[in-house]
Every structure is written in structure tokens, then in C-alpha cells.
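> Input: one structure, supplied below.
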Amino acid sequence: MGICSSTCCGGRARDGLYEPVLADSEREAVADLLQYLENRGETDFFSGEPLRALSTLVFSENIDLQRSASLTFAEITERDVREVDRDTLEPILFLLQSPDIEVQRAASAALGNLAVDTENKVLIVQLGGLTPLIRQMMSPNVEVQCNAVGCITNLATHEENKAKIARSGALGPLTRLAKSRDMRVQRNATGALLNMTHSDENRQQLVNAGAIPVLVQLLSSPDVDVQYYCTTALSNIAVDASNRRKLAQSEPKLVQSLVNLMDSTSPKVQCQAALALRNLASDEKYQLDIVRANGLHPLLRLLQSSYLPLILSAVACIRNISIHPMNESPIIETNFLKPLVDLLGSTDNEEIQCHAISTLRNLAASSDRNKALVLDAGAVQKCKQLVLDVPITVQSEMTAAIAVLALSDDLKSHLLNLGVCGVLIPLTHSPSIEVQGNSAAALGNLSSKVGDYSIFVQNWTEPQGGIHGYLCRFLQSGDATFQHIAVWTLLQLFESEDKTLIGLIGKAEDIIEHIRSIANRQIEPDNEFEDEDEGEVVNLAQRCLELLGQSMSKAHIEG
């Protein structure tokens, strides 16, 4: 609408035919506009006569009138932001293309204000708003740069716009402006770059535009907002394995910068620094680098804070770091065990509980010494106290941790005496396959070479069907893994040479029947790997029957 009028006005003005008419309409529009501005609180500038008066000034060839129009748009959008239509946006977009700095500055401010509204964000891009905004980002005027970047930052918060912005050529100028000496421009540019990091494709475009070194360099900015935007953007970029490889090759100072930011005075920066390190620590190299950069002490401080997001980001990070076997002892020596155990009971936040118990399991994974230290820190007592009442995801992690600790021959008696069977047996009834399997695996580990089997005798039928009920259900489940766990556990119980326990098994006709059924199973040669697994279960079942026969014969002879 507006551009067409402008062309017509420009064309007729040369021969003077309509010049007085245009001048009159402009004078009339100025007078009307002044009257509307007198009553601005009651005037809707986005429709009807007020918008027509503004549009007349916009499409005038008089630069002063264009300046007045752009300043009016900037002023009214400062206090009245709402959804508008193309009749409002097109005049502002026309003003963006003016060569005049004042017009550009005010028009981009107005557009940035309107770009706060969700519907306007989409329409501005649909009407071609990105091209003039990109041009303004390259303006030598800092105010124009600042407003244009601020507008793109707002536009980039809408999912529908992000890919369009990434493909528009805006990322190069945004990356350059992130290094601006003007803090407002820098802040807006890094905010826009952050908004572009929420999808794989856009992150890739950002990396290709050379944003990574700029974001890393700006981690040392004195401005907290810039630190936050850059840390969060790098955290999102580090989600992708290919980007982590690029970061590892080109940014040797990244880990140390993020470790330093965990000591920031701003909790939101601390939080994002820990989350960025957590994403980096998906890779082995970074798991080691964070420990070498003295990242454990600041993580421990965050883990012990009273602010939930800080605790969550720190415990998520330490979980990933603890995956590397070489980090187990350094983490334990930094005194993480007790705080991690305390986290299990001090919050009902499921994520925090999962990360905490998973970290404890990782720390116990590769040495009996570390398993003993985890046990001494009270991890098992805390799990026993909580496990029947926590969400299934936490139950799964807790039972997996107990199963790992139960691998240590030195700790089995201690674990049994703590009463873990009293919670593991009921959890074999869980609706979760994982919880069932972990609980049964823990019972199986505890049944091997334990010395004193009296607790298995005590728990033969209780609680909830006891060891007897659990073995029966797993043997008849039809699940190869469950059957394997149950048959292997039975074999350990037979090998215990505990007469009372073996006598109880011998009298359990249902168990013996299931064992015979498995022992007599014919293996179909369909799948080589399945055959091996099934063959092992059959062999274990046959060995159980053999030991049962020997013990029964021995009992007859002794009798």
C-alpha cells in the first residue's frame, strides 16, 4: 500500500501537477496528528484516521515528516504493544529502508517494541522485515545497530522464525556485533545468538557463521547478561557430539573459563556454567579436563547451596564427570559422598535424587575400596529408608546402586545385616521391569559366597512371598534375562551348603518343577546369540538339579 503511494507521489511531484494537493494533505495530516497526540491516551494509532495520518507522513518525500512519523511510532509502541496488522507494519518497514539515520533508529525501535507480541513476530518476518533489519545491523550508527539487533533478538524467540533467521544471512552480522564495544549492542547480539541455539540445524548454521570463538571469548565479559547469554548458548551448542569435537579442537580455554564462572556472583551464570560443563562432560576428554581444571571444588559448593537450580545443575554435572573411572577417587577425596547421600533425603526433586544416587553408583563401580566408602557414607541406609516411597525412576537408580555394591564380597554380610532384602524382595513386584531386574540382580549378587545364609532362610516366604515367591515368578516369567537371574541365584543358594536353605528349596515343588522345565528345554538353532544365552540358562538349571540330587542323597545317607 505505502510503497505504491510513495512511488506515485514521487513521480507526480516532478511536473508539479499534484504538488499542492500533496502538500495540503501532508499539512492536514500533521494537524490531525498533533490533535491525536494531544489525546494520545484515548487514541488508537493502529487503525482508522490516526493510522492514515501517520501513513501520509511516512510516505511523504519530506524527511522531517518521515522523522516525525518514525518518532511517533516509536513513542506509541513504547507504551502500547499489541497485535497489529500489515497496515500498521508496512509503513514502519518502509521507514526502515530510509537512508536517514534518525528515521532508521526510531523505526527499528518501534518494530522492536511491536516484536514483543507473539503474532507480530511472525507477521514481521512474513512481510520481509529481516532484510532491512540485517542492513541496519551493518549501519555505522551504534543506536541503529542496537535497535536492529534488539528487534531480531525478539523475533528469534518465536520457533517459526528461527530457521528463517538462520538462513537469512543474519548470523554473520550478529556474530560480528557480539564483539561491539557498545555493551547494549553486545548484549542484544549475544541474546539473539542464544535464541538461535535451540535446534540442531540452527546450531549448525551458528557454528558455520563462526560464532563459537566469539562466544568463548565473551565468557570473560564484565557484563553478567553477556556472560549468561554466552554460557547458555555454549551449553546448548555442546549438546551435539560434533560440536563438542570442534570445541575440543579449537577452544583450549573453554573449560577453565566455565569453571571460573561457577564462582560468579550471579546464580544464573553459575547455573549455566555448570550445565555447560555437564553437556561437555558427555565426552571422556571433558570428564577428565574438568577435574584437571579444578572444577570439583566449585561444583561441591554449588551442590551444597540452598538454591534448587544450582543444586540440580551441579549434581547433573558431577554425575557425568563420575562416569570416568579415573575420576572416582578425586571426587571421593573432594568429600562429595556425604553431600550426595544427604541430597537423597533432603529433596523430593526426582531429577536431583536420580543424579545423586547414579553418581554414588558410578563412584562405587571400579574398586572395592570405593564401594566400602560409599557404604560408610550411609548411602545404603538412606536408600533402604526411602526406596519404597520414591518415584520409579529413583527406585531404578537406587536398586542399581545396591546391586553394584553387592558385587563386593567384603560388603555382602554388611548389606544383608542392614536389612536390604526387606526392600529388595517387595521391589521384585514393581510394575517397572528395570526395578524388578535391578532388585533381583542385587539379591543374586548378595546370594553368592556370603558365608552366613540365615537371612535368606528368614526371608524365604516374607516379605510379600519372600525369596521363594520372587524365584518362582522369575522362573515362570518367560523373560530370558529374568530366568537367567533366578536360575543363577538358585545355583548360588545350592552352593551355599546351608542345609536349612537347601531343604526349603527342595520342598518348594513349584521351583523344582520350573527348574526341571528349563533344564529339559530343547534349544532351537535360530539365533546364535540367543542360543548361547539360552544354553547357559539350561546348563545352570541342570547344575541346580545335579546339586539338589546330591544334597537329597546326602540327606538320606545322613538320615
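In case you wondered, yes, glycine gets a Cβ from its N, Cα and C as well.
Swiss-Prot feature annotations, pasted as is:
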LIPID     Gly2  N-myristoyl glycine
LIPID     Cys4  S-palmitoyl cysteine
REPEAT    77-116  repeat 'ARM 1'
REPEAT    118-157  repeat 'ARM 2'
REPEAT    159-198  repeat 'ARM 3'
REPEAT    200-239  repeat 'ARM 4'
REPEAT    243-282  repeat 'ARM 5'
REPEAT    284-323  repeat 'ARM 6'
REPEAT    325-365  repeat 'ARM 7'
REPEAT    409-448  repeat 'ARM 8'
> Against which stretches of its own chain does the repeat 'ARM 2' (118-157) lie, if we need a Cβ under 8 Å and a gap of at least six residues from its ends?
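The answer is 83-86, 89-90, 93, 96-97, 101, 104-105, 108-109, 111-112, 164-165, 168-170, 173-174, 177, 180, 182, 184-185, 188-189, 191-192, 195-196.
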> What are the DSSP helix/strand/coil residue counts across the repeat 'ARM 8' (409-448)?
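Across the repeat 'ARM 8' (409-448), the residues distribute as 27 helix, 0 strand, 13 coil.
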> Who are the chain neighbours of the repeat 'ARM 6' (284-323) in space, where the CB to CB distance is under 8 Å and they lie at least 6 residues beyond its ends?
244, 248, 255-256, 259, 262-263, 267, 270-272, 274-275, 277-278, 330-331, 334-336, 339-340, 343, 347, 349, 351-352, 355-356, 358-359, 362-363
> Tell me, roughly as an integer, the mean pLDDT over the repeat 'ARM 3' (159-198).
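Result for the repeat 'ARM 3' (159-198): average pLDDT 95.
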